[in-house]
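Data block below; observations after.
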Amino acid sequence: QQSGRKYNLFLKRRLRIDKRHQSKDSIFFRDGVRRIDFVLSYVDDLNKEWEKKLERRKEFESNLQKAGLELETEDKKESEDGKIFFVKIHAPWEVLITYAEVLNIKVPIKENDIPSMVENPLDCVLYPLRLPEHVMHPEPDYFTAPFSKDKQELYLINDESTFFSPSMRNRIVNYILTRCPYGTEEGKKKFGIKRLLNNGTYTAAYPLHDCQYWKKASDPNCDSERYTLYMEWARFLRFYKEQPLDLIRKYYGEKIGIYFAWLGFYTEMLFLAAVVGLICFLYGLFTMDENMSSKEICDPAIGGEIIMCPLCDRECEYWRLNTTCESSQYSHLFDNVATLFFAIFMGIWVTLFLEFWKRRQARLKYEWDLVDFEEEQQQLQLRPEYEAKCTQKKRNPITQEMEPYLPVTSQAVRFCISGATVLFWVSLIIASMIAVIVYRLAVYAAFASLMENTQTLQPISSLLTPQLATSVTASCLNFVIIMILNFFYERIAIWITDMEIPRTHMEYENRLTMKMFLFQFVNYYSSCFYVAFFKGKFVGYPGAYTYMFNRWRNEECDPAGCLIELTTQLTIVMAGKQIWGNIQEAIVPWICNWWGRRKARNNPENLYSRWEQDHDLQTFGALGLFYEYLEMVIQFGFITLFVASFPLAPLLALMNNILEIRVDSWKLTTQYRRPVAAKAHSIGVWQEILNGMAILSVVTNAFIVAFTSDMIPRLVYYYAYSEDEGSPMSGYINNSLSVFQISDFPEENKPKENPENFVICRYRDYRYPPDHERKYLHTMQFWHILAAKLAFIIIMEHVVFIVKFFVAWMIPDVPADVKAKIKREKYLTQKILHEYELEKLKERLCQGDKQATEKEFIATEGRMELSRAM
């Protein structure tokens with residue numbers, strides 16, 4: 001029987017091969033002429049909803065044909081698994097020109113005659129980084145104007161089938177699909193492909209890739225742009241090459257194009273920050289042996305003789321300062337004079353990055369015909385979900401047309417529910433962070449006891465101190481909690497944003513962005529804020545320690561400072577996020593696609609059609625780009641908000657981004673269905689978020705240098721308290737440690753054992769000794785240091801902000817040559833349009849049209865003269 005089944009399957013495939021001599025790997029209808037602009041798929045499952053779904057499909061497809069679209073259905077017998085129907089959609093010329101006018105699509109009217117920029121003298125040096133001209137600029141530069149059906153002779157229409165690019169065509173078809181009705185249910189009019197996908201009437205809706213990514217299409221009418229993108233852009237071996245932004249924009253649309261333009265520009269700017277950060281790190285490395293603080297800590301005659309107070313109650317023992325020798329040396333790598341320079345440099349760098357990006361964005365707006373896009377977006381991006389859910393209507397005061405609206409009371413209720421939900425989840429993050437802090441406090445004593453009593457850990461005890469072990473495990477635990485909370489909150493954020501029913505697509509994205517960013521900000525950065533600004537700041541002193549919940553004693557910093565712990569925390573969270581992000585972005589889609597196509601791999605090409613190949617790919621989704629931006633903006637926060645603690649952060653980000661560009665391009669080109677083309681003239685609300693983080697970074701880095709690093713206490717000692725002119729920093733460690741008399745320990749804090757009968761122990765603070773009349777109160781040096789820290793914060797912030805605002809004022813947002821080109825193009829476009837109208841009037845006059853009066857002719861000619869004068 002099994003051999004019989006195999007024989008029948010062979011005959012079935014043989015019949016299908018004979019039926020179609022040409023390959024099904026085609027982007028055209030069966031006639032080989034009409035291009036497939038969109039594909040819908042569905043499974044004809046015989047469940048209780050079957051009849052309802054069938055009725056919806058009939059109505060929907062009938063209405064699509066009434067709208068002018070042409071459909072062609074592939075029976076399930078023709079599909080690989082014998083279960084899926086495919087509906088291929090073609091938009092004829094009449095439909096394209098109608099909706100091109102509705103969508104205000106700009107089309108070419110004349111080839112651009114403005115001379116290109118002066119050649120860069122560095123072109124010879126940069127030649128290895130360049131891509132071929134046909135890849136970088138796949139089509140000539142044109143003067144463009146919004147399409148109008150009445151002026152078709154004005155446009156450069158050489159071939160109707162190729163005049164509108166595939167991305168324009170799929171954008172037009174998608175516009176129709178999202179607004180096409182399919183009937184009335186429960187007394188409400190239902191429409192839009194999104195609802196049909198949600199209720200299972202269709203299983204997928206997508207435009208087609210133009211060919212397989214690893215080889216060109218056999219059809220000479222196909223441009224094989226996907227293949228070009230894969231060969232020149234999506235392979236990691238091309239990591240050093242520039243990106244073909246014009247081709248990306250042409251194939252995927254402006255929205256995806258501007259993301260890759262921003263990501264590429266950000267990566268280029270990171271190169272400068274990475275070089276300066278590496279120099280600062282090398283400075284710390286080469287001056288490590290000259291660091292007097294670590295020398296004194298490591299010296300057996302100094303650090304070896306200083307007995308430190310226990311770091312936890314009862315269980316912990318007294319310990320010698322020189323046991324932290326290695327960690328104090330490593331701390332100098334990041335806690336040195338170069339740290340201050342790098343913090344100031346990054347405050348200026350971030351301003352340069354944002355200002356130069358505005359200029360780059362302005363140039364792209366001109367080159368990609370997005371200069372007048374703002375008005376178009378406001379008019380056209382009304383969400384179908386808003387139209388469907390808002391049953392009440394009111395008159396628009398501008399257009400005087402009735403349009404749907406959401407009552408104020410309903411909006412208020414929805415916003416209250418949304419705000420309460422966001423507040424609950426943010427509180428949940430703070431609660432989880434407190435749980436991690438409690439973990440730190442609870443396990444520290446266990447680590448201290450374990451490392452003291454376990455012989456196998458003795459060889460690494462100098463490297464892995466209890467503080468470091470606690471910090472590393474807590475950071476890893478914190479990272480796991482971050483990932484779990486992210487997983488759940490992403491779904492909650494989308495749900496509450498849908499519930500608010502935003503009016504436009506831009507409004508929807510902005511609201512979702514702010515919710516997600518607020519959550520991610522608290523989620524990713526809260527632990528870093530704790531280590532940087534709270535850990536070791538509210539400890540108290542021996543005999544009068546402060547406790548969390550009256551149970552767990554607050555953590556102390558390492559004698560060399562808390563900066564090394566902030567560096568550890570930052571490295572684990574930042575590197576972990578980047579590694580996990582790349583696994584999610586590249587490996588997961590690849591495994592899903594491999595599993596989904598495992599049966600089709602052995603089939604002949606003419607059985608595995610282009611629409612089936614794309615159907616088996618992953619869906620990029622409307623929020624696909626949103627997650628890419630979110631990932632990069634969170635990374636931007638790591639390299640700006642806490643960069644004073646880790647100068648190598650920009651270098652890590654640079655290496656990640658070089659990989660990120662190729663991973664994103666690879667997955668988009670090979671692992672995902674072709675996204676529907678969408679327009680965007682900027683990176684949107686992300687620009688404002690970046691500006692806010694840039695300002696906040698100045699404050700956080702000033703506080704890190706002042707309160708987390710040991711720079712200010714060292715400088716105060718150097719200039720005010722040093723007694724050795726030959727070696728001003730000698731004696732600093734002894735000066736920074738206060739004295740405590742062990743007999744003053746309360747019974748509940750005193751260590752169980754004191755085998756060497758120590759009389760005094762030292763702790764990190766500036767307090768009077770036990771024999772002073774102001775016993776254990778802060779010394780005058782403490783207040784001098786606090787005043788110096790506050791003065792430093794004020795001075796640094798003011799200096800950096802003044803430089804930032806001066807730089808921002810000096811650099812214009814739009815380059816002068818782009819301004820000139822925009823004005824020139826507007827003038828020439830108006831001139832061409834006026835000349836066209838003048839020619840039409842002349843024709844009408846010659847034909848004896850009485851409506852084309854002499855006054856109308858004079859008025860048109862006068863308007864041309866006025867335009868020239870302007």
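Cβ atoms are placed via backbone N, Cα and C, with glycine included.
Small disclaimer: the values here were computed from a predicted structure and weren't measured.
Annotated features in TrEMBL:
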- 43-77: coiled coil (COILED)
- 28-245: domain 'Anoctamin dimerisation' (DOMAIN)
- 248-825: domain 'Anoctamin transmembrane' (DOMAIN)
- 259-286: transmembrane segment (TRANSMEM)
- 337-357: transmembrane segment (TRANSMEM)
- 422-447: transmembrane segment (TRANSMEM)
- 467-489: transmembrane segment (TRANSMEM)
- 516-533: transmembrane segment (TRANSMEM)
- 633-654: transmembrane segment (TRANSMEM)
- 689-709: transmembrane segment (TRANSMEM)
- 782-811: transmembrane segment (TRANSMEM)
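For the transmembrane segment (422-447), the list of distant contacts is 311-313, 315-316, 466-467, 469-471, 473-474, 477-478, 481, 485, 489, 492-493, 496, 515, 518-519, 522-523, 526-527, 530, 548-549, 552-555: same-chain residues at least six beyond its ends, Cβ to Cβ under 8 Å.
Sequence-distant contacts of the coiled coil (43-77) (same chain, six or more residues past either end, CB-CB distance under 8 Å): 29-30, 34, 83-92, 94-95, 98, 173, 176-177, 180-183, 196, 199-203, 609, 611. Same-chain residues lying 6 or more positions outside the transmembrane segment (633-654) and placing a CB less than 8 Å from one of its CB atoms are 266-267, 270-271, 273-274, 276-278, 280-281, 284, 334, 338-340, 342-343, 346, 350, 517, 520-521, 524-525, 528, 532, 563, 566-567, 570-571, 573-575, 577-578, 686, 689-690, 693-694, 696-697, 700-701, 704-705, 708-709. Below 8 angstroms of C-beta separation, residues 422, 425-426, 429-430, 433, 436-437, 471, 475, 478, 482, 485-486, 489-490, 493, 562, 565-566, 569-570, 573, 577, 626, 630, 633-634, 637-638, 641-642, 645, 689, 700, 703-704, 707-708 of the same chain, each at least six residues beyond the ends of the transmembrane segment (516-533), sit close to that stretch.
A Cβ distance under 8 Å defines the sequence-distant neighbours of the transmembrane segment (337-357), meaning residues of its chain 6+ beyond its ends; these are 262, 265-266, 269, 272-273, 276-277, 279-281, 283-284, 639-640, 643-645, 647, 650, 687, 690-691, 694, 697-698, 701-702, 704-705, 709, 711, 796, 799-800, 803-804, 807-808, 811, 813. In the predicted model, the domain 'Anoctamin dimerisation' (28-245) shows an average pLDDT of 86.
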